[in-house]
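Annotation comment: TrEMBL describes 87-276 as domain 'ABC transmembrane type-1'. Residues annotated as transmembrane segment in TrEMBL: 26-47, 91-115, 122-147, 153-177, 189-210, 216-233, 254-275.
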Amino acid sequence: MKQLSVGKPISPTADMWHRLRRNKSAMFGLIVIAVIIVAAIITEFAVSYSTVIETNPAQRLLRPSIGHPFGTDDMGRDILVRVLYGARYSLAFGIICTILSVVFGSILGAVSAFFGGKVDAVITFILDAVICIPGILLSLSLVAVLGVGFRNLIIAITISSIPSFARIVRSIVLAVVGQDYIEAARAIGVSNARAIFVHALPNAIGLIIVNASMNVAGLIMAAAGLSFIGMGIQPPDPEWGAMLSNALKYMRTNPHIVVFPGLAIVLTAVSFNLLGDGLSEALDPRLKE
């Protein structure tokens, strides 16, 4: 008599990764992001900062060639090196601001939904007031008050993106706060902090991950936009938005100066969006076969 073999149950993480790998668009985005991160790390150690900002008038405005695959800018600096070196700024803005937004937004949203009443009313009012202001305008205003610079730009962009995560978490925690297991946790004397962060908040993890991935793309664009108008990273630092701003006057005669920083922004943002879409499908239980 044959025995039926029962395989080990697949963990949710393994199941998600299995479905994510079958999504070609998401894997393309993940690979591109990984390549950009690795290239940025290698460039950080292989090229000194002085080399990145050093001018060479004798080689200014050279078109793409074997020696300079992306050409050179108006100061004779290699655009490929500057694009790769500048990736650390854009990735740092996107990832650091997203992490901070997730942390503070999740806390605000969970506390608001869990306690309800006046606490919920006050937090919701503040979030709605911030959301009423366009994100880029709020960031611009905060930078104008705080001053330009890496740290201030992170603070400004983070504040403008906290409300979106807070509202997501609030809506999910509101849906579970009245469930039996939450009431049981309260009944046995579990602290409010433990009830929020151990029992209620994990229900929002999937949606937080998806929105965080997509949020990185938007924040990279926002940081580049602020640098483009002179309110972010300042020249000669090779931030992509600042590079675009400096290259505009050569757009017709030397388009390569504009094309490559622009492509870097678009490719990175699109890759994070593709990854976010793939994560959304992989984490959605309704899409399971």
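For all residues, glycine too, the Cβ spot is worked out from N, Cα and C.
Through the fold, the transmembrane segment (216-233) approaches residues 89-91, 93-95, 97-98, 135-136, 139-140, 143-144, 148, 150, 153, 156-157, 160-161, 239-242, 244-245, 265, 268-273, 276 of its own chain, all at least 6 residues removed from its boundaries and within a Cβ separation under 8 Å.
If one looks beyond the transmembrane segment (189-210) by at least 6 residues along the same chain, the residues whose Cβ comes under 8 Å of a Cβ in the stretch are 102, 106, 109-111, 113-115, 165, 168-169, 172-173, 175-177, 181-182, 276, 279-280, 283. Residues 25-26, 28-30, 32-33, 36, 61, 63-64, 70-71, 73-74, 79-80, 83, 86-87, 90-91, 94, 213-214, 216-218, 220-221, 224, 240-241, 243-244, 247-248 of the same chain, all 6+ positions outside the transmembrane segment (254-275), place their C-beta atoms under 8 angstroms from a C-beta of that stretch.
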